[in-house]
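So the structure is just underneath, and the comments pick up after that.
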Amino acid sequence: DGIAGEFLTVLHLKKGFQTLGINSDDGFSATIGLNFLDIEAQQIGLFNGSRGAADSLFNIVIEEEGYYPLRVLWWEGNGGANIEIFSIVDGKKILVNDPDNADAIKAYNIGDSTGRAAVVSIMPTPGKKRVESTSSIEVVIENGSETTVDQSSVKMTLNGKDVAVDVSKSGDIVTISYTEGLAAEAFCCAGVKNTAIVSFKESNGNERSAEWSFEAQSTKRREVGGGTLTNGLIGHWPLDEGSGTTAANKAG
């Protein structure tokens, strides 16, 4: 009970429409990307819950035949435990790397990295709300043994406009930072959507990009009527100690 596992492999996938599947007890997450730990890897399958052994199918389109890095995270709460990775061909389930079936997808073990530069951290995190407008944007990329970041190619746009960024390197880690503030309203409650795009080239000339959005709020005060409101505060009504029931008509 209470166990988890990680499966890293490279699949040889043919061009066209394919149906993959995972039979699991309990949950799993499956991604395909340029490197196993790249957070920009595309999620192709997910079951985030508890169940007995059951199938999850997912359809993918391969635009070009080739080798695709696959990462599967699997977890089990209690009771039974299993995981199978397979494809569907002519309505039949075929396990990946089945040596007895010519239609089985071939899988290859290359270790824990493909050697490609990988985006390993993005801040603020995608979809985050109530980000302070003074927060910085930061993207961290880890250079690989096969490709590295061309630092001169790094660009960032924020809400459709080019912005200046700082690019620094320490060992194999390249950090891209923007610190000039975010779009936000000087009021409470609803945040303002910010969309950031970071683009760069790898040393092999391949162009990459990461796009994500989050909501930001201002920490400035805004005058409202006879009082002031600060971000996140709508108002407060202290009880009158004399009667215990009189609400003060003020905010601030």
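Note that Cβ sites are derived from N, Cα and C of the backbone, with glycine treated the same way.
Small disclaimer: the values here were computed from a predicted structure and weren't measured.
Looking at 127-147, 190-210, 232-252, the stretch flagged in TrEMBL as region 'Disordered' turns out to be 232-252.
Looking at the domain 'SbsA Ig-like' (118-215) alone, the prediction's average pLDDT is 91.
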